[in-house]
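Per TrEMBL, repeat 'Solcar' is recorded for 1-45, 58-144, 165-262.
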Amino acid sequence: MFQATKDIFREEGLWGFWRGNVPALLMVMPYSAIQFTVLHKLKTFAAGSSKAENHINLSAYLSYVSGALAGCAATVGSYPFDLLRTILASQGEPKVYPTMRSAFVDIVSTRGFRGLYAGLSPTLVEIIPYAGLQFGTYDTFKRWTMDWNRIRSSNTSSTGADNNLSSFQLFVCGLAAGTCAKLVCHPLDVVKKRFQIEGLQRHPKYGARVEHRAYRNMSDALSRIVQAEGWAGLYKGIVPSTVKAAPAGAVTFVAYEYASDWLESILT
């Protein structure tokens, strides 16, 4: 990761670290909106109430299933932006696509609109366990933290704050949930990105080019990666990926908790 950081800064400057940021933002906004909307609807249906305090009492099984279904819906709704983000970030120098628009036009003209969903199948296979683990473990860690707060409060005269977690506690729960999900599901993320950048022209110093239709399907990609690169090939980029995903997920959970509480307070 240190070597990659030096190379990017030397060859592309400081702005190289934000390559693909615009499609990433365009992806994360609808992704988060769809994901949390579907999650809230599913939890409301399962709990029979729209109150957040009732959602936390759902079983771990329902938390995992709700998270997985919400992740699938969000992925389908925002996937083309994820594809464009990965391509723009992976192309290196010299650039194949100077802008997001040029990448979009070339993909549609060469592969059709189906090309905007290249790698969707392994992404959905990845997002089911990833989103399920992330939301399921987040709810589990929240319940554990609430229990710990009750034990602490039983030794004092304070009451009524047992179920109120601090922003720091919410952040830690989100950080732990994001780390667990990423460590378990990273090999599927590697396969997804191989499908996304297949056929992309780039300089050899950025790594071997993934030829177009190099893999027949997801299982073929997994077996070929293991044969050519060993089991470690499935965990390439695990450190920067976890360093990015875990705190990003934690911040997202904290922001969502506070935003939803604020909206609920002004709407009720």
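Counting begins at 1 with the first residue displayed.
Including glycine, each Cβ sits where the backbone N, Cα and C put it.
With DSSP classes pooled into helix, strand and coil, the tally for the repeat 'Solcar' (1-45) is 41 helix, 0 strand, 4 coil.
Secondary structure of the repeat 'Solcar' (58-144) per DSSP (helix as H, G, I; strand as E, B; remaining residues coil): 73 helix, 0 strand, 14 coil. Mean pLDDT for the repeat 'Solcar' (1-45) in the predicted structure: 86. Across the repeat 'Solcar' (165-262), DSSP helix (H, G, I), strand (E, B) and coil residues number 75 helix, 0 strand, 23 coil.
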